[in-house]
Amino acid sequence: MWPPYTYHHLLAFLLTFLSYVLLHSSRKTFSNVKVSISAQWTPSAFQQNGSTSSLSPGETWEENKLFADMGEATLFLGALDSIFLFSYAVGLYISGVIGDRFNLRYVLSFGLCGSAVTVGILLKYVTRTEFVFGTLTEWLQFYNVYFYCFLWVINGLLQSTVWPCVVAIMGNWFGKSGRGFVFGLWSACASVGNILGAFLASSVLKYGYEYAFLVTSVVQFAGGVVVFFGLLTSPKEIGLSDYSETSLRPVTRDTDSQRPLISDDEDELCDEYSIQQRDEEPEPQPKAIGFLQAFCLPGVIPYSLAYACLKLVNYSFFFWLPFYLSKNFGWKEVQADRLSVWYDVGGIVGGTVQGLISDLLGKRAPVLAISLLLAMGALVGYSHSPNNQLVNGALLATTGFLIGGPSNMISSAISADLGRQEALQNSQEALATVTGIVDGTGSIGAAGGQYLVSLIESKLGWMCVFYFFIIMTGCSILFIIPLIYCEIRSLCRDSQARTHQL
């Protein structure tokens, strides 16, 4: 039975959802403009239809000597993806620990605004990280591979503060009952951000790829300000206390149990609340768990390793799908950007449906295993997709459903389950730390994978890249086999017990 949700639950859901939507939309911009960037960095006369007419690859290369051909530029773009994800992974391990020790709202707002703003003075103006990378470097005709790498390291570290915080806030507001569906729906934030980023980038790409970075970074900074002033990180901030893992109760006396949370007479409400606080014993605050202790919690290591393999595949689609569609099928960059959103649409539906099924079963691992087994077949099917946008979009949506769904579940609902499990006895704060460990390990796997994708593609072709994805998906199942076995046995015991009762 799901607990009753309030307006405050909805507000926490929407603001944390918005936070990661904006973060992912700015992150998606880089993958959507790779063709334009690689053309700008090489002497090739390559000119993608629908891209900006202001590109002058020959002149740019003669002045800066960046890359001799598209192959070298592609390898460097893959290296940038890996640099970002490695720094993001390191940051996640640190950010999770920080999130359990400091105010989550401050850490979250800092991450959102910090990834959009790099502290530095250029002509007496504060510049933005994505703005610096994609906009100022182009306007000032400043191209330097080391500068790009440095900016992407800083950007990865700053962005890493967001995910552990939003998952911890959601875990504070929503108990285990119904968590699979709620978190499955909520974890669509990354996919919605990808869709938003793709459409924002494609809508301004004709003016130059630097404007795509400019638009998304400005919107993200504005979102960080809204979160800072509007987000409540815990029910306790408005007089609610979670007395169990599945429901909430108002911190009031029995005689006041029917009083609304928001009264017309604010002074009277504040006075009564002050008296109430003096009369009641203060609840002890849970202590933040140590990093190694969180790492050794049951289920954390298997899910972290599985997520490392799965996030490699998921983020390879994230970073390389528009590039693949444009280069392999010869479609316009704008068309490729918009077609790529079908993978995210499938992930949105997959996370929600599979989360709901796992709630009904009371188990998560078997649902993941079935989806990932089917995903291996879907990858084989997509690797043989014909040069037809309708068929390609349908196959993309199916693949996203089977890969994006499990990825969303592990990074959100399962991370929250692990961070609020019975082994902690509700006496220790571990939600952000565990989320950082799971997502950080996943990002390490994804980081190593991005350079491998560019290397395999340049040496062996895209078909071998898909074989690599299939192997990684199978490995993600292998890591959680013990959990699958235990949960299936538990389901069988429960079924037998119900049969005996009848």
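Note: Cβ is positioned from N, Cα and C throughout, glycine not excepted.
Noted in TrEMBL for the protein shown:
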type	residues	note
DOMAIN	12-491	domain 'Major facilitator superfamily (MFS) profile'
SIGNAL	1-23	signal peptide
TRANSMEM	73-94	transmembrane segment
TRANSMEM	106-125	transmembrane segment
TRANSMEM	145-169	transmembrane segment
TRANSMEM	181-205	transmembrane segment
TRANSMEM	211-232	transmembrane segment
TRANSMEM	300-321	transmembrane segment
TRANSMEM	341-358	transmembrane segment
TRANSMEM	365-384	transmembrane segment
TRANSMEM	390-410	transmembrane segment
TRANSMEM	460-485	transmembrane segment
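Below 8 angstroms of C-beta separation, residues 30, 34, 37-38, 41-42, 66-67, 145, 148-149, 152-161, 163-164, 291, 315, 319, 323, 436-437, 439-444, 446-451, 453-455, 457-458 of the same chain, each at least six residues beyond the ends of the transmembrane segment (73-94), sit close to that stretch.
Sequence-distant contacts of the signal peptide (1-23) (same chain, at least 6 residues past either end, Cβ-Cβ under 8 Å): 108, 111-112, 115, 159, 162-163, 166, 169-170, 173-175, 177-178, 182, 186, 189-190, 192-193, 196, 216, 219-220, 223-224, 226-227, 230-233, 235, 238, 240, 246-248, 261. Three or more CB pairs closer than 8 A are found between the transmembrane segment (211-232) and the transmembrane segment (181-205), so contact between the two stretches is assigned (pairs 6 or more residues apart).
Nonlocal intrachain contacts for the transmembrane segment (460-485), taken as residues 6+ away from its ends with a CB within less than 8 angstroms of a stretch CB, comprise 299, 302-303, 305-307, 309-310, 312-313, 316, 324, 328, 365-366, 368-369, 372-373, 375-376, 379-380, 382-383, 403, 406, 449, 452-453. Across the domain 'Major facilitator superfamily (MFS) profile' (12-491), the model assigns an average pLDDT of 76.
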